[in-house]
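See below for the structure under consideration.
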Amino acid sequence: MNAKEKAIGVFDSGLGGISVLRDLKRFMPHEHYLYYGDSSFAPYGEKTREEITKRCEEICAFFIHQGVKAIVIACNTATSACVKELREEYPNLPIIGMEPAVKVAVDGKENQNVLVMATRFTLKEKKFENLLSRYSKQHVIYRQPCPELVELVEHDELDQQDKVENTLREYFSHYDMDEIDSIVLGCTHFIFFKETIRKLCGDRIQIVDGNAGTIRHVKELLAEKNELCDDTKQGSIQIFNSSKDPYYKTLSQKLLESTLGL
Ligand code: DGL
C-alpha cells in the first residue's frame, strides 16, 4: 500500500485520547485513523511504569500489525512511562507523545503561578521533574493529581454537572485560585472539562492543553516524510477498545461527536 494511504494509530488508556482524535480529524480530515482505547486497564495514572509499558507495547504491536504510518500516544501518562522505549523499538516510525503544556502556559511571561492538573503517575515522573526544572526558578508550578476526572469520563458522567463541578471545586479548594495565572490540562481526559473549569474559574485564568501542539507536530512529521494523505481522499476512523463491552465503543463515538472542550 502507498505509504500516504496508511492509517495513523492513536491510543490512550481509555477515552481521553478521543479529544486528540477529534482535533486530528478536524485538522487533517483526509487521513485514516485507528483509535485504541485501553479502557479495561484504565486508569494508567494509578499503575506502575512496568504495567503501563507492557500495555503500550502490546497496543503498538497491534498498530504495527495493522500497518500504520505513525503512532500518536494521546496520553501524557503513557508518554512519560515509555515513549523512549517505544521509539527505540520502532526507530523508523514517527511516534508522537504528549506532555503537560507548561511551556505554553508561561511563554513570554514572568513570575507565573501555574496549576498543572494531570495524573499521579505523570506528576511524579522524572520526565515531569525535568520539565519543571526548566521553569521552576522563574515560576511557581503546583501539581494536582485528578484521578476522579478520568473516572467521570470513563463512566459517561460528563453531563452530571453537579458532580463534575463538585469534583473540580474540591481540587481547586487546595489553592488560592485568585493567585493562579494558568491551568494546564496535562491529561487528555481533562479536555472535556474545559467549559466547566472556565465557568468555575472565570476568564482571567488561562487554560492550556497540549492538543493543538501535538496535532501540528503530527502533520509536520508526516509532511517531512511526504506521507500526508492526498486531500482529494475521504478519511476514516476505526475504533478499537480492550474492553469487549460495546458500551465503550458507543461512548467513544459520543465523545468524538461531542463539542465539549473544543
Ligand atoms: N488520558 C491519560 C493522560 O493523558 C491518562 C488517564 C489515566 O488513565 O489515568 O495522562
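Just so you know, glycine gets a Cβ as well, placed from its N, Cα and C.
Here TrEMBL flags D12, S13, Y44, G45, N76, T77, T188, H189 as substrate binding site. The feature active site, proton donor/acceptor is assigned by TrEMBL to C75, C187.
Positions of the features from TrEMBL, shown on the structure.
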{"residue": "D12", "record": "substrate binding site", "DSSP (3 states)": "strand"}
{"residue": "Y44", "record": "substrate binding site", "DSSP (3 states)": "helix"}
{"residue": "C75", "record": "active site, proton donor/acceptor", "DSSP (3 states)": "coil"}
{"residue": "C187", "record": "active site, proton donor/acceptor", "DSSP (3 states)": "coil"}
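Here G45 (substrate binding site) comes close to S13, T77, A118, T119, R120, F121, T122, P145, P147, V150, C187: these same-chain residues lie at least six apart in sequence, with C-beta atoms under 8 angstroms from its C-beta. If you draw a 10 Å sphere around the CB of H189 (substrate binding site), it holds 31 other CB atoms from the protein chains shown.
The residues near the substrate site, meaning same-chain residues not in D12, S13, Y44, G45, N76, T77, T188, H189 whose C-beta sits within 8 angstroms of the mean position of the site's C-beta atoms, are G14, G16, G17, A42, P43, C75, A78, T119, T122, V150, C187, in sequence order. Annotated pair D12 (substrate binding site) and C75 (active site, proton donor/acceptor), C-alpha to C-alpha distance, rounded: 5 Å.
There are 33 other Cβ atoms within 10 Å of the Cβ belonging to T77 (substrate binding site). Sparsest Cβ environment among the binding-site residues S13, N76, T188 (other Cβ atoms counted within 10 Å): T188. Distance from the CA of C75 (active site, proton donor/acceptor) to the CA of Y44 (substrate binding site) is 9 Å. Minimal Cβ crowding within 10 Å, among the active-site residues C75, C187, is found at C75. In this structure the residues listed as binding substrate are D12, S13, Y44, G45, N76, T77, T188, H189; their two most distant Cα atoms lie 12 Å apart. A gap of 9 Å separates the Cα atoms of H189 (substrate binding site) and C75 (active site, proton donor/acceptor).
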